[in-house]
Amino acid sequence: MQAAAASRPPSSALPKLVLYLASVMLGGALLAPLLFDLGQWTRGWLADSSGGIGAWLLSEIKRAHFTRYFNRAVLLCAIVFIWPFLRWVKIDRSLLPVWKPLSVGFKQWTIGFLLAAGLLLVLGFIFLQMGAYGLRPRPGWWKFSEPITAALGAGIIEEFFFRGLLLGLLLRTMSSRSALTACTFVFATVHFLKPPEGWQITDAEVDWTSGFVVLRQIAAGFGDVDFLLAEFATLFAVGWVLAAVRLHTGALWAGIGLHGGWIFGLKYFSALTSYRDGWLPWIGNNLKIGLMPLIVVLITGWLAVKLLPTNHLHPTGADRT
């Protein structure tokens, strides 16, 4: 009996992942009104604060709309549910990446970062010359701290989760191509699951169903053809390139560099410029939206595969980096 159980092939992680994501979104929709009420209660409690942490917290609460509470509720549910999910899919150490010598890894990271950030900023400069964007009155030419922090944080965390853990789980039961496609679709969908930019629920309208109103708005975004072409397609291309580079190199270094480079370029360019309407679906209100960024992402991926060494990661039942 034990031998038969040990030889039984692992079940697919994809249905379990879909259920995990659905639970996170549903939990976020239910929790968001409670967090909003807590925020309003805290706002009243801190109403007389005139300085220090209390005044800072009060200003943050005053600026927070319901969609921000929704995003935080979803993040909280994702963190709370992740441990039961990992136990359910029977995570083991073979799925976790083993970091190669730092000299090799840093070289791959550098290639990825410079390629992604460089080409994206060149594209931004072209947009600036075309008139799709204009310089801000006080562009932050030397404000690198936020772009660098965001690039390092998101690049490491997301690559470890999506291209390390998730792709490894999928490779246990899928071919390389199927695992790449499934991982990419999940990555793009997760990043697409956010309220439409500029859309809000007024504080007076918030009730226990407001989280589901946000979910309805998110779902409506999948019916907007221009938005799908402009943003979802680019997110899918980004996910595809990152997963393909992971399979090509057998490591996470290059993907962390590419991901971080794109985030750095996006954040830095946004700090310098403002968008001028009327350019969709080719050019969006930031460098991750539009068909032109999509083309640049694909070119970046092609160049990365050409420049980076080959050490293919195969679906062998264990993800060995």
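Including glycine, each Cβ sits where the backbone N, Cα and C put it.
Record features (TrEMBL):
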TRANSMEM  17-36  transmembrane segment
TRANSMEM  69-89  transmembrane segment
TRANSMEM  109-128  transmembrane segment
DOMAIN    144-262  domain 'CAAX prenyl protease 2/Lysostaphin resistance protein A-like'
TRANSMEM  148-171  transmembrane segment
TRANSMEM  227-245  transmembrane segment
TRANSMEM  252-269  transmembrane segment
TRANSMEM  289-308  transmembrane segment
Remote residues contacting the transmembrane segment (289-308) - C-beta distance under 8 A, at least 6 residues beyond either end: 108, 111-112, 115-116, 119-120, 123, 127, 229-231, 233-234, 237-238, 240-241, 244-245, 248-249, 254, 258, 262, 279-283
The domain 'CAAX prenyl protease 2/Lysostaphin resistance protein A-like' (144-262): DSSP-derived helix, strand, coil residue counts: 94 helix, 0 strand, 25 coil
